[in-house]
Amino acid sequence: MLDFFSKTKGRRLYYTINLVAGLAIFFFGYDQGMMSGVNTSPDYVRVMKLGYSTYEGPSEGYVATITEPTREGGIVSIYYLGTLIGALMGGVLGDRIGRIKTMLVGSLWVLIGASLQCSAQNIAWMLCARVINGIGTGFLNAIVPVWSAEVASHTSRGAFIASEFTLNIFGVVVAYWLEFGLGFVGDGNTQVRWRFPIAFQILPVLAFMLLVPSMPESPRWLLKVGRADEARSILARLRSEDGNLEDARVAAEYEEIQGAVRLEKEHAAGNTYFAMFFGLHDGDLHVARRVQLSIWLQIVQEWVGIAAITVYATTIFSQAGYSSRKAQWLSGLNDVTYMLSTLLAVVTIDRLGRRVGLWWGAVVQGIALFLAGGFSRLLKEHPEHSAQYGGAAALFVFMYTATFGATWLTIPWVYPTETFPLYVRAKGNAWGVVGWSIGNGWLTLLNPVMFNSIQENTLYIFGAVNFLAIPMVWAFYPETANRTLEEMDHLFMSKSPFVWDEEAHFKKWKDGELEDREKTPPVLQPDVADVKVDEQKQEKA
């Protein structure tokens, strides 16, 4: 079977890579969604000394009560310390030994961490296991999207990665319903309720480790390290159905990557994290600007409210008059809606572009959060109308989740894979994962405090962040859709960080009005432009 994959070409290879990368992204979603169910397991609460449990009758079983929320939050949030460390380690290895080998290293970390987690006997054991598991996840989060972006064509790069995030939320759905079902085993007071879901994550990682060695290495990384013949051969397998090395599209993309490698060689001294963050040795490439864009987009992704709405959803459903079990059912259906909404991202992310997706997503999410908060307040003040106000609040929770899945879930993960120069692309995406880890870890600790102090008013804060994100995207985040990875260097060569100046600079470069165009072979000579038009037509077909 592995030999079959090594000979696959064209669209079949393209979809195979998408599926294999999706296994890693599925694990990532499952791993994130898993802890919400683990935290409600009475046996887990007892072992970790987080609280106590009471028997609520045959319909509800044993229900855990948390008396140590800080300890509970610490176990969850320390995972994001691991992802931060793992992303930085993975970025270095990804640029040094290649994307394929680095993904295997990350998978080994995950296997060790998951094995330790599912066998944990006390909180210290669990904390160490969570960090190790987080390191492995950080590796995969930093490298898998980069590998996907580098093998995808420029006309469908966003959809390629967005489709993987459908599997990501499918992982969340599987985690939720698996743990919901295990809650009925032994009245919910068994070790299997939390140990089995933790161990289950090993299966997709093992499948990923089995398949990924037969996948092609990134042709861009191969060209960067001087393995030109391999790079051209893989490009031919990716861009033509018969692996034709002389295919016009293959030749055009090969020359474009070669030109970018030559342009970036003079900046190779700036390939450390320190140099990237402070813009040392990057000349006109403005890598530091791209680092800030990646970090803050991922931090804002968390602050637009997804962590809060996920936590508060069950509470809203319960206050609406639904029983505990029914509230859990609604939360599970909300996750299914979340997964299905990612399919809209697959369709729109390349057609509408990254900026439009972030704009309309922020508008709808902001409105939904304000209305969910408003109806939650009315629900508390007028419990006699719980069905009406609770139903309305639940509706806007569903609306928010669906909109986030179609927009802000995928775009902040796609953007850092596109914007960095080849010589630091893995490290660049690692900076994005650092931002995600900061945003997630911060809010994991802060959310319980905010909801305990100001209750549903917390939703207003996150709603306001959505509206503040609109001018941020408009001013600082240029469009990347339907542009090749090699064109991004020229987009960011503008001395000004504002989008309108960057677009003006890019247009001048395309029109041949700038000297920096002479430093590399022209990317879009008339014959190559025709090739790209043909490629776009084929993608649409």
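Using the three backbone atoms N, Cα and C, a Cβ is placed for every residue, glycine included.
According to TrEMBL, the compositional bias 'Basic and acidic residues' annotation covers 511-520 (among others).
Marked as compositional bias 'Basic and acidic residues' by TrEMBL: 529-541 (among others).
According to TrEMBL, the feature domain 'Major facilitator superfamily (MFS) profile' maps to 17-481.
Sequence annotations record features per position, and here TrEMBL assigns region 'Disordered' to 511-541.
The transmembrane segment annotation in TrEMBL covers 12-30 (among others).
Under the heading transmembrane segment, TrEMBL lists 74-93 (among others).
Residues or ranges marked as transmembrane segment by TrEMBL: 123-147 (among others). Long-range Cβ contacts of the transmembrane segment (123-147) within its own chain (Cβ-Cβ under 8 Å, at least 6 residues beyond either end) map to 21, 24-25, 27-28, 31, 48-49, 71, 74-76, 78-91, 93-94, 99-100, 102-103, 105-114, 116-117, 161, 164, 218, 413-414, 416-417, 425-426, 429-430, 433, 436-437.
Taken from TrEMBL, the feature transmembrane segment covers 159-178 (among others).
The annotation transmembrane segment is assigned in TrEMBL to 332-352 (among others).
Tertiary proximity for the transmembrane segment (358-379) is limited to same-chain residues at least six positions away from its ends with a CB under 8 Å from its CB atoms, namely 304-305, 309, 316, 319-320, 385-386, 389-390, 392-393, 396-397, 399-400, 403-404, 406-408, 411, 455-460, 462-464, 466-467, 469-470, 473-474, 477. Residues or ranges marked as transmembrane segment by TrEMBL: 358-379 (among others).
Residues or ranges marked as transmembrane segment by TrEMBL: 391-411 (among others).
If you look at the transmembrane segment (431-451), the same-chain residues 6 or more away from its ends with a CB under 8 A from one of its CBs are 69, 73-74, 76-77, 80-81, 83-84, 87-88, 91, 138, 141-142, 273, 276-277, 291, 294-303, 307-308, 311-312, 315, 412-413, 415-416, 458, 461. The transmembrane segment annotation in TrEMBL covers 431-451 (among others).
Sequence annotations record features per position, and here TrEMBL assigns transmembrane segment to 458-477 (among others).
Here the transmembrane segment (391-411) has long-range neighbours at 158, 161-162, 165, 168-169, 301, 304-306, 309-310, 312-313, 316-317, 319-320, 330, 334-335, 337-342, 344-345, 348-349, 354, 357-358, 360-362, 364-365, 368-369, 371-372, 375-376, 379, meaning same-chain residues at least 6 beyond its ends whose C-beta is under 8 angstroms from one of its own. By the Cβ criterion (under 8 Å, sequence separation of 6 or more), the transmembrane segment (159-178) is in contact with the transmembrane segment (332-352), since 3+ such pairs are found. Confidence over the domain 'Major facilitator superfamily (MFS) profile' (17-481), given as mean pLDDT on the 0 to 100 scale, stands at 90.
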